[in-house]
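Below is one structure, written out as structure tokens; comments come after it.
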Amino acid sequence: MAPNVFGLATKATGLAKAKSLSSRAYVTFLAGNGDYWKGVVGLVKGLRKAKSAYPLVVACLPDVPEEHRRILINQGCIVREIEPVYPPHNQTQFAMAYYVINYSKLRIWEFVEYSKMIYLDGDIQVFDNIDHLFDLPDGYFYAVMDCFCEKTWSHTPQYKVGYCQQCPDKVQWTEDLGPKPSLYFNAGMFVYEPSLSTYDDLLKTLKVTPPTPFAEQDFLNMYFRDVYKPIPNDYNLVLAMLWRHPENVDLEKVKVVHYCAAGSKPWRYTGKEENMDREDIKMLIKKWWDIYDDESLDYKNSNVVMNAVDGEVEAQKIMEALSEAGVVHYITAPSAAS
């Protein structure tokens, strides 16, 4: 089970000797001309504060403005343009209208210059180093189990009977309801291995898979069901856990916070939406802003030193040297048949 597999990584110290720095990276996704770039800036600064040894790649759609791309590059991100991926028949009412564009996330399986990547949504903040997750055994898909208790899940049988995998003994799944649902992860954070063959198969499977309310999250859960390994909630705290399953949350141990609840995006926060006036929410919003506003974490001002395989590598100096040499630029991924 997952705890044993997970333990193999948590016991690792430093970087695996056989892995080079360049073979691993974090990756996020950005689309449109809105304000989500602020979340990505906060994310890369959070990774920097946590002294991550790996870069953040931003997979952005063509509609991301040049101005926003430049901001991200100036913060040390690697900006990589991708083409959109759409479901075959857009006839489904998605839980949120903007979910349909998230199928484009599938493009990150094309990033085969990296042997392993950790995907993080742009509304996530990393408060502690999670580089050890790269040392999890290959061949599996690692992510945190989701919570079924919010109204966005009202279309599901789990929600209708009050069942949640975060507390499966509270309301049990009885035989008369049919087969027990498979474990279901939140796709805002996951550990995966890029692969062109996997990417091609993802697209082929997508063509014959009817869209569902949670778009690419449902699709990824279906596709990786047999190789999914849960990791602790500390690696992707969905804010609803604070009021739905507080017994499962220890904020002092949480490493990654996912600001996905309505009204919780720190850069848009007003405190007026339901549950947003909670003291724990206010604290987490402040923690995000403390990182975002910290000028010492800006890329040009960063003195972060990363532990490499044999010694220390200064991330800032390397990236600046690459930039001066003209190596850091937009990378356009090859188009694939849709």
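A Cβ is built for glycine as well, from the same backbone N, Cα and C atoms used for every other residue.
Annotated in Swiss-Prot:
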{"type": "ACT_SITE", "residues": "K105", "note": "active site"}
{"type": "BINDING", "residues": "D121, D123, H258", "note": "Mn(2+) binding site"}
Near-site residues: Mn(2+), ref D121, D123, H258, CB cutoff 8 A to centroid: G39, L120, G122, I124, G188, M189, Y259, C260
D123 (Mn(2+) binding site): tally of other CB atoms within 10 A of its CB: 24
Euclidean distance between Cα atoms of D121 (Mn(2+) binding site) and K105 (active site), Å: 10
CB contacts for D121 (Mn(2+) binding site) [other CB atoms within 10 A, all chains]: 21
DSSP state at H258 (Mn(2+) binding site), helix/strand/coil: strand
For D123 (Mn(2+) binding site): DSSP state (helix, strand, coil): coil
Where K105 (active site) sits in the secondary structure, as DSSP reduces it to three classes: helix
Around the Cβ of H258 (Mn(2+) binding site), the count of other Cβ atoms that are within 10 Å: 22
Local Cβ density at K105 (active site) - other Cβ atoms counted within 10 Å: 24
